[in-house]
Amino acid sequence: MEFSGSPMALFCCVFFLFLTGSLAQGIGSIVTSDLFNEMLKNRNDGRCPANGFYTYDAFIAAANSFPGFGTTGDDTARRKEIAAFFGQTSHETTGGSLSAEPFTGGYCFVRQNDQSDRYYGRGPIQLTNRNNYEKAGTAIGQELVNNPDLVATDATISFKTAIWFWMTPQDNKPSSHDVIIGRWTPSAADQAANRVPGYGVITNIINGGIECGIGRNDAVEDRIGYYRRYCGMLNVAPGENLDCYNQRNFGQG
């Protein structure tokens with residue numbers, strides 16, 4: 001291809017092609033508006049307290065604040081991470097059986113029903129605990145300790161806190177991001193606790209103290225059901241080790 005313009009014009013042309021190419025590879029190239037609406041098809045049901053809150057634009061704006069989210073690895077890895085993120089957060093915000101189609105009730109809630117603690121669960125990941133609000137706020141540039149309800153009133157902030165939690169290792173827990181893209185290697189302690197790579201250990205990261213190491217239970221099955229549905233929509237295999245039934249939770253070492 002020949003180019004007869006000035007060097008500056010050539011630079012601008014190349015930069016534009018680089019920029020548009022980069023954007024095309026962003027998370028929006030996989031999670032289109034139509035796919036988002038089909039995945040979370042009942043989120044705006046009139047019976048849902050979150051009706052009208054979780055928008056596609058808010059999700060994309062939040063995701064773009066975390067460049068590695070849904071953009072790391074090959075196409076399969078990216079799709080698998082997106083399925084896993086929405087699988088876990090759909091369970092956290094589920095409204096149950098809103099239609100005859102199973103695992104379509106995600107993103108029905110913004111706030112935890114029990115609001116006795118100031119830092120009760122809010123948003124897609126149901127962010128709880130003052131320490132998490134402080135860390136998330138620092139990471140995304142928002143004062144959440146004194147204004148925790150921003151997580152329930154600003155959809156972009158709400159998604160940002162969920163993605164922050166997803167991308168961030170804490171204490172002896174790896175990040176969910178590292179687990180699902182295959183970057184996590186279990187330590188000796190993890191191996192002794194039966195914590196192995198797969199979707200199941202992400203459940204352990206998020207709510208292992210309640211759901212893991214106690215045998216089969218409906219909560220874990222619900223998380224798996226959402227994940228399988230999204231994997232099907234994204235045309236990716238869910239992989240192995242989907243539950244945490246035999247895993248010791250991270251709080252037990």
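Heads up, the Cβ atoms here are built off N, Cα and C, so glycines get one too.
Among C212, C231, the one Swiss-Prot lists as the disulfide partner of C244 is C212. Counting in whole angstrom, C212 (disulfide bond) lies 15 from E92 (active site, proton donor) by their C-alpha atoms. Counting every protein chain shown, 22 other Cβ atoms lie within 10 Å of the Cβ of E92 (active site, proton donor).
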